[in-house]
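Student: The following block contains the structure, expressed as structure tokens.
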Amino acid sequence: MANVHQENEEMEQPLQNGQEDRPVGGGEGHQPAANNNNNNHNHNHNHHRRGQARRLAPNFRWAIPNRQMNDGLGGDGDDMEMFMEEMREIRRKLRELQLRNCLRILMGELSNHHDHHDEFCLMP
């Protein structure tokens, strides 16, 4: 009978010291707390924050761009080829516009009353 009484005292001791009842092994977000009452309020608050942060972490999947999500499917080569083709097309159009502008300046197609000092020509 003395053993049963001693076990009950050991189980109630953390509650008498002002500590909260926690699962054995620490559980999620466990931090050891001191026995004084001043640290218990901060411990409880931090425990809640840690649990909240862990619950929110899986919700960040929406922030991953689709290109990265599809990388595992073997579509990298196609995406890169499409990107390179777009870059070649942009460069071609840019060279065409620059050449057209330079030809207009050099051939004097602009009206004579315009001042050409502020214009420039980039030769490809």
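Backbone N, Cα and C atoms are what each Cβ position is placed from, and that goes for glycine too.
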Student: Quick one: sort out which of 2-12, 57-67, 90-100, 112-122 is the motif 'Nuclear export signal' according to Swiss-Prot.
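Tutor: Comparing 2-12, 57-67, 90-100, 112-122 with Swiss-Prot, motif 'Nuclear export signal' matches 90-100.
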Student: Pop the mean pLDDT for the region 'His cluster' (113-117) in here, whole number is fine.
Tutor: 54
Student: Using DSSP, tally how many residues of the motif 'Nuclear export signal' (90-100) sit in helix, strand and coil.
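Tutor: Tallied per class, the motif 'Nuclear export signal' (90-100) gives 11 helix, 0 strand, 0 coil.
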